[in-house]
Amino acid sequence: MAQARENVSLFFKLYCLAVMTLVAAAYTVALRYTRTTAKELYFSTTAVCVTEVIKLLISVGLLAKETGSLGRFKASLSENVLGSPKELMKLSVPSLVYAVQNNMAFLALSNLDAAVYQVTYQLKIPCTALCTVLMLNRTLSKLQWVSVFMLCGGVILVQWKPAQATKVVVEQSPLLGFGAIAIAVLCSGFAGVYFEKVLKSSDTSLWVRNIQMYLSGIVVTLVGTYLSDGAEIKEKGFFYGYTYYVWFVIFLASVGGLYTSVVVKYTDNIMKGFSAAAAIVLSTIASVMLFGLQITLSFAMGALLVCISIYLYGLPRQDTTCIQQEATSKERVIGV
């Protein structure tokens, strides 16, 4: 298996993680604003689809800049996109798996209490770590495993909301709910690590890989848009309810998605999870200032756990951002 050998500085990795965290936090706050203040609510499915298109266009532009000339740009597209249906199929896997994950998450939330859902869904964090170990032949120290589960607990506390009594009786199937959440958790871990493995297992340009994935992502989101809101979109229009704020949210989602791929390429999915947790804490603090959200004891404790877990995971350790070679490929001393 080939191995990508980009040498990037620690500063660049920290920069990408910091930008991804800040963009994700800003995106959460902006998204909340557009979904709670708009009189004419836009279709979230169309926003996701437009985001995929914008990420594709930006990736095409960055590939053109990377290749340096129109001829090399056309040759790269022809060789890696138009002439590589196998590679396109390979990169369609994450898009399809994420689509399954989103549907399973919705099914789980429909059959479980919100509090139970919040707790069980955070198992995607240790599941991602497990997939990293199994699929990429990496090893995590005991302290790293402790920090991963500590992060899981911290996110649960940060997002914890006490259960509220309701007069509406909804028929639920806990068994179906737990089954759906298990599939969603596995899909989350597998899709992220699969994409990381594809990125790091060859010297193919990151922007080529993004183009391959976003092409399939556009198809998947278009199908989802049609199935979810097709009738209403036909009546009201694809861009119904769009404002400058909605376009700003789409811009943040696009930039965040691109930085996520860079983070996965040059660090790993576990670090991406830590960044996402930090973004949750930052967005909640921002919501306190902007929307008057009340800080709870569980949030304070959870935020503390998140910070401690990030510190523990970042302690000096063996580098886990590159795919490890199999034991049989290690250097051996040959006696003559």
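Even glycines carry a Cβ here, placed using N, Cα and C.
On a predicted model such as this, the values are computed, not experimentally measured, just so you know.
Both Asn111 and Ser173 are recorded in Swiss-Prot on the same side of the membrane.
Restricting the average to the topological domain 'Lumenal' (289-296) gives a pLDDT of 79. Residues within less than 8 Å, Cβ to Cβ, of Lys55 (CMP-N-acetyl-beta-neuraminate binding site) and separated from it by at least 6 positions along the same chain comprise Asn210, Tyr214, Gly217, Ser254, Gly257, Leu258. Contact count against the transmembrane segment (46-64) (Cβ pairs under 8 Å) is highest for 210-228, out of 10-30, 88-108, 142-160, 176-196, 210-228. Most buried of the binding-site residues Thr120, Asn210, judged by other Cβ atoms within 10 Å, is Asn210. In the three-state DSSP reading, Leu123 (CMP-N-acetyl-beta-neuraminate binding site) counts as coil. With Cβ pairs under 8 Å as the measure, the transmembrane segment (142-160) is packed most heavily against 270-288, out of 10-30, 88-108, 210-228, 244-262, 270-288. Long-range Cβ contacts of Met213 (CMP-N-acetyl-beta-neuraminate binding site) within its own chain (separation 6+, distance under 8 Å): Leu91, Ser92, Pro94, Ser95, Phe195.
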